[in-house]
């Protein structure tokens, strides 16, 4: 019997991993492809346009039906290979179309007459009259050698799309049948007051116990040792440790007692330098400027804490094993040591073993237990029944009964209850809820997350997967994230609704917040910021392995050649220059606090290889000038130089005709003369650090 269970579990895991692999590819065979084809039609011959229109009418609507059938058949491998080739062809076609449009923009920039008749036309009549002329000229440009590649790639993409018909015949599916994709992201989302409130269920007793400890007087032993008092919340992933800590952190009694409250997410690996800076930022409610010297950072932190009578530091998601280095933790927490009383540290962790430096006695460890069944059901229903009231009482009763059955199968995991409940809330249809009951092992959080993810619009799926590019515990700023999504081309066109891409992107974000994919944590820098649960982050990472990569370890020697989005957080860029330069398809480089040694040579070499970059966000780039080679990045849409020492911009910057966003630091005093050529530039800003060290 035990052997059978092991075989069954192994089979489930293998099937589930295969499902994850497919889920990460499915967006490529979605209406997103239609948008690319429609966009390309303006530059293609009449005959090819007709072929594309035929594909859009006959083949593309059957994609979802083919995928659903092949996923459950022996031909699953063929489906996966087809989706992978389709995704690569999509990327290549998009890049070539982008180059074609760049050439058009470049021509317009060199012709003042074209500019006047384009975006700033003197009259709508003139623009209307010129449209056929521009279309004819666009098609004439196809005769140029550099644009024949676009036609060739569109032919290749068209051939791969047509293979769906062969796969359909192989599966024995009838012609003409279709299945709808998940509903598109809404054009408008209600204000956040309609979103489920951050209500906490079944944790009042635990909260009061923690608050009592934090408000308690410092013992004589603690005072004499100049130490702080530590308390830990320990439990499995998804149990609600961080939620309970936030419940305590935002309690009015805590707000009134402590002069300074700080919240830092450690997640997996302690980085003394980075996490010290994050404590400073949390304490000062502002961004900490570049400081390479740890001693200087820690002196600043010690000065901040000395100014307060009492402070509370929350270290969320601490990972520690007996084999880990205690010395690092002692160094990290050294600035907290003081003869002043009222210094408290609250820790959340999956591990029962904690660093000795946290000063947490065994009796001050709260082992989080499962919620009461009644409270857990209340949590699930809170998310599943939020929003508009159900007036049909018979339907309400049926959904209530089904909710009870679903809750029983969720394995007492609050995260699964939130995500699945939030997704079911979108469609209060008994058939949909019954379908949720048929999902495999709902006690495994990944199972319910996969089902909820597959219900997302394909555009939102891409946006969600992109978030794995940031480290665990990352503070997501909605506006910054939306700017990145827009630059990457994830946000659909808004021509009909007359809304900006940023407004549509914010709808995407709010949609995911209401689906519990993001959680509001606190206010920083006068704005709200959000976090993603560790399990959700793991889930996003497992789906995006081929496209997104976080370079966080100096021992990394290889990065998959398929990677298109890269974030960097290492001590030495020199060590990784060669493997990064091999990523010829790279679209994104986001530097998260790297110390870039010898930056000018390294960076210039990287730019000459990464010609397809759309997003470039630099942190701690120590050179005063960007290399002229920046102008060769024809696809670049997003350039962030805020946390750099750049004070001079090269003239080649004015040839980045696709550039949408340019963020500068306070040291840039002059802008290039021809910056007005960047007709697509939508956001230009300069930022100053809130405080200095």
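Note: Cβ is positioned from N, Cα and C throughout, glycine not excepted.
Features reported for this protein in TrEMBL:
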SIGNAL    1-28  signal peptide
DOMAIN    43-113  domain 'Disease resistance N-terminal'
DOMAIN    230-386  domain 'NB-ARC'
DOMAIN    469-540  domain 'Disease resistance protein winged helix'
DOMAIN    608-685  domain 'Disease resistance R13L4/SHOC-2-like LRR'
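Ranked by number of Cβ pairs under 8 Å to the domain 'Disease resistance N-terminal' (43-113), the listed stretches 230-386, 469-540, 608-685 are led by 608-685. With DSSP classes pooled into helix, strand and coil, the tally for the domain 'Disease resistance R13L4/SHOC-2-like LRR' (608-685) is 17 helix, 21 strand, 40 coil. With DSSP states grouped into helix (H, G, I), strand (E, B) and coil, the domain 'Disease resistance N-terminal' (43-113) comes out at 61 helix, 0 strand, 10 coil. Predicted-model confidence for the domain 'Disease resistance R13L4/SHOC-2-like LRR' (608-685) is 90, expressed as mean pLDDT.
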